[in-house]
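**Q** Grabbed the feature section from Swiss-Prot, which reads as follows:
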DOMAIN    1-120  domain 'C-type lysozyme'
DISULFID  6-120  disulfide bond
DISULFID  27-110  disulfide bond
ACT_SITE  32  active site
ACT_SITE  50  active site
DISULFID  62-76  disulfide bond
DISULFID  72-90  disulfide bond
């Protein structure tokens, strides 16, 4: 599924994301996954991969097998569904631990300017 910008904003609100950080989250998602829930990235230099709307990494956060594991206690395939509840819970856990530093897409594109969501 690909969200529109406002569709993403509405879904993130539904998932309980902090309104004060909403533009950061939208920017992160737009730069990491282009708002696609099922995106699997190319292999990273360290051999890991990133999954889903928030591009969550399998080195630390999700398990590649069929048994949920790692720090979010989920399988990576659970991060690829149109229902973003599991992915959102994991993304918020990552944020709580590292702020936005875990995401190069945020670091490279969102640190100083964020998208306009005032019409949403």
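Quick reminder: no glycine exception, Cβ is built from N, Cα and C everywhere.
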**Q** Return one of helix, strand or coil for residue 62 (disulfide bond), based on DSSP.
**A** coil
**Q** Around residue 6 (disulfide bond), how many other CB atoms lie within 10 A of its CB?
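**A** Total other Cβ atoms inside 10 Å, all chains included: 12.
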**Q** Work through the recorded positions one by one (27, 50, 62, 110, 120) and name whichever has its CA nearest to the CA of residue 72 (disulfide bond).
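**A** The answer is 62.
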**Q** Quick one: of 62, 120, which of the disulfide-bonded residues has the smallest count of other CB atoms within 10 A?
**A** 120
**Q** I need the nearest neighbour of residue 6 (disulfide bond) among the recorded positions 27, 32, 50, 62, 110, using C-alpha distances.
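**A** Closest candidate to residue 6 (disulfide bond), judged by Cα separation, is 27.
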**Q** Using a Cβ-Cβ cut-off under 8 angstroms and a sequence gap of six or more, which residues of the chain neighbour residue 110 (disulfide bond)?
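**A** Set apart from residue 110 (disulfide bond) by at least 6 residues yet with Cβ under 8 Å, we have 24, 27, 28, 31, 100.
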**Q** Quick check: in three-state DSSP terms, what is residue 27 (disulfide bond)?
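**A** Looking at the DSSP assignment, residue 27 (disulfide bond) belongs to a helix.
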**Q** For residue 27 (disulfide bond), just count the other CB atoms lying within 10 A of its CB, please.
**A** 21
**Q** Please report the number of other Cβ atoms within 10 Å of the Cβ of residue 72 (disulfide bond).
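**A** By my count, 23.
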